[in-house]
Amino acid sequence: MRRLNFEKVVTRLVEFIKENAKQGVVIGISGGVDSATVAYLATKALGKDKILGLIMPYYENKDVEDAKLVAENLGIRYKIINIKPIVDTIQSSLDVALDRKSLGNIMARVRMVLLYSYANSLGRLVLGTSNRSEFLTGYFTKWGDGASDYAPLINIYKTEVWEVARIIGVPQSIVEKKPSAGLWEGQTDEDELGISYKLLDELLWRLVDLKMSKEEIANELNVSEEIVEHVEKLVKNSEHKRRLPIGPKVDDLIIEP
């Protein structure tokens, strides 16, 4: 895995937020390490008065307490909004059956609507919390948690986020908890991805950044080519999530007068 100077990484992330979000930000705080890290960085960059944290649970669990811990440690203003009535209303209005992944996508998009509603009313920007591991594998909801004005962690792998979090003082209990999108009880990122973040990041760095072949990666990491192919497939199949909608070109169809 690449070796970063994490002290300098923190400085650069803080400078990025300070330069691009002077008017203040709204952040969705889930109780996980990514959103906690962004909240800590933003507070360091802008001061606590320019941060609003939204805690938006669908069901009550320990994540809410962890999210409150982050906000209260930082002294930032925060609101707890129960999204269950909103999500359930949408679900009951549809004449199609939804599996739990589809329901999870609705939750993520409802949270996006709330974040932007507050950001618009306050004249602020939305800071995203996605990391590079999620971004490259498409492990986010399109127009949901993937939607933001700026994403400070977008080039920081998940295993690197843990290092940044430790440096800036995120509570150890949050750094060490199992990563979860909180979409349903017992859900974890690594179960859904089918691979640990530690191995995933090693594979992604070699596959995407170093552009090594599958054979080279498998040999270097002593893993099967099937695992490398699994990650490669995650990257390829989620390409549409990483770009704006596209359509066919028509410039060549101009009729000369």
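Every residue, even glycine, has its Cβ placed from backbone N, Cα and C.
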Going by the ATP site in Swiss-Prot, where Gly28, Ile29, Ser30, Gly31, Gly32, Val33, Asp34, Ser35, Thr129, Lys158 are listed, which of the candidates Ser102, Ser173, Ser180 is also part of it?
Ser180
Of all the binding-site residues given, namely Arg109, Glu134, Asp149, Lys241, which is spatially nearest to Asp34 (ATP binding site) at the Cα level?
Glu134
If we count other C-beta atoms within 10 Å, could you say which of the binding-site residues Arg109, His240, Lys241 has the fewest?
His240
Where does Gly28 (ATP binding site) sit in the DSSP three-state scheme?
strand
Using a 10 angstroms cut-off on Cβ to Cβ distances, just flag whichever of Asp34, Glu134, Asp149 is the loneliest among these binding-site residues.
Asp149
Cα-Cα distance, maximum over Gly28, Ile29, Ser30, Gly31, Gly32, Val33, Asp34, Ser35, Thr129, Lys158, Ser180, record's ATP binders, Å:
18
Rounded to a whole number, how many Å is the Cα of Gly28 (ATP binding site) away from the Cα of His240 (deamido-NAD(+) binding site)?
24
